[in-house]
There are 2 protein chains.
Amino acid sequence: MSKPKRHVFFVSDSTGITASTLGKSLLAQFEDNVELEFTTIAFIQSIEQIEDAVKKINEYAKTSEYRPIIVATLIELEYRHILTKANALVIDIFGQFIQPLELELGLKSSHAIGRTHNYSRGEETLSYYNRIEAINFALQHDDGASIKRYEDAEIILLGVSRSGKTPTCLYLAMNFAVTAANYPLVAEELTEGLPPILRPHRHKLFGLTIAPENLQRIRQQRYPNSSYASLTTCQIEVQKIEALFRQLQVPYINVTHTSIEEISAMILKQTGLKRFFK
Amino acid sequence: MSKPKRHVFFVSDSTGITASTLGKSLLAQFEDNVELEFTTIAFIQSIEQIEDAVKKINEYAKTSEYRPIIVATLIELEYRHILTKANALVIDIFGQFIQPLELELGLKSSHAIGRTHNYSRGEETLSYYNRIEAINFALQHDDGASIKRYEDAEIILLGVSRSGKTPTCLYLAMNFAVTAANYPLVAEELTEGLPPILRPHRHKLFGLTIAPENLQRIRQQRYPNSSYASLTTCQIEVQKIEALFRQLQVPYINVTHTSIEEISAMILKQTGLKRFFK
């Protein structure tokens, strides 16, 4: 039996990131039994635009077996009111939570559109520079490309080739302004202990490991049928690097079946590195 | 008068990304009048861990003038129940929205922890590869480093140095698996029309521009007191590149006071590039 198909619209006066992040989290609870399709309608900034959005959603509803689901982040009360005219289940995030916060804080919300991310408007500040600097740092120190400023790194990731070091460094930089470097331990280095260049930074090292079968599939995508991508190579490298991590007491996590978001959050939790907010 | 200080705890059985994204969106509405501090308690996966979290929050509450605010994404009903014992305002996201979704879908939620991001567990699939490939593409095609596969790019960003091209490309890759390249138009190129290498890809070009004063501040951080960072240089470059965008009819946006998230979402909206979901 095929799964019922449900269409989800993320409707926002800003980027739609909050609506889609929350909507996907909620709907992940049902994904074994529903097929989901997503559309984002972002930067709604006038009555006309919200009315257009409702029209579009209602057009869709007419041709569809089930009514759509809307997940909305709209500050303006009037926009939220117009949205209720859609033939859809409306998950109205701000409608639900702004009021209890107003009561708790004893304040009225500013109803300021474009305030839906506090790392945004009006900031030529530390927050922008910090993120950009962290991204530049990750790019310059990717894959051992430069080791000049290892002393400025907050963390140095170790792992075999294709274990996810680069995307993790970039994610940590982009989202948390963490200055992260990574060093690719090549096969020959794995049995020689820690390379001299890393020795002064031992307390910053953090390891990634991965199931050899998955590593093989990832490498296979890149260099099909190479010795690099063979299961034997993957098994040997993973075995050696895990032995090295244990020998050197480098903390490490297994990233098999783990998203970049999860790897990054696990690293922050284990290392106690501060998340960067605002 | 100093603003009241409120501490916000993001409590999650997974990464905490959904809780912090939503929490920060909501609280951004009040940030003119409250000073906010954030702590994430992620990967709660046992009764003991949620009890520890409550204990920690209550300890904090004792020493603080105002009670804390908790934003929680916890699937387990029992964990959510334990959380109500915290001396805090609890914004219980799943508690609020899972039930209306169950009714709408005619399904019970799977109550599966770690399902809070549907781009996660159990996927050696397209979704992981697509993101990683897009990130690699962005790295290889950053700053005109390689122009080999411009035909594979979905978008090519143009802009003066330090206008935000690199972080935007990486963000588009990381979050939406969009293959994005960028090409740095140096000052001399700005008056010579489109460089030959870009001519076949004109339909993929998208421009970023920025207020010269802000560009100056950003460049100043990097190369203080250089001619590159002088206001005059910035003014001339910005003026020329905007003229070029208009002359070539390249769509462009002004990124002054705009976060990486917002720039990326605006580009997706204007170009109609598909967001990548799962």
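Backbone N, Cα and C define each Cβ position, glycine as well.
Keep in mind that TrEMBL annotations are predicted by a computer and have not been checked by a curator.
These features come from TrEMBL:
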- A:Gly159, A:Val160, A:Ser161, A:Arg162, A:Ser163, A:Gly164, A:Lys165, A:Thr166: ADP binding site (BINDING)
Largest tally of Cβ atoms lying within 10 Å of a Cβ, found at which of the binding-site residues A:Ser163, A:Thr166: A:Ser163
ADP site, defined by A:Gly159, A:Val160, A:Ser161, A:Arg162, A:Ser163, A:Gly164, A:Lys165, A:Thr166: further same-chain residues with Cβ within 8 Å of the Cβ centre: A:Asn182, A:Pro184, A:Leu208, A:Ile210
Near chain B - the binding-site residues A:Gly159, A:Val160, A:Ser163, A:Lys165, A:Thr166, filtered by Cβ distance under 8 Å: A:Thr166
Same chain, 6+ residues apart, C-beta under 8 Å of the C-beta of A:Gly159 (ADP binding site), given in sequence order: A:Lys165, A:Asn182, A:Pro184, A:Leu185, A:Gly207, A:Leu208, A:Thr209, A:Ile210, A:Ile241
Cβ-based isolation winner (fewest other Cβ atoms within 10 Å) among the binding-site residues A:Arg162, A:Lys165: A:Arg162
Residues that sit under 8 angstroms from A:Gly164 (ADP binding site) by C-beta distance, when 6+ apart in the chain: A:Leu208, A:Ile210, A:Val255, A:Ile260, A:Ile263
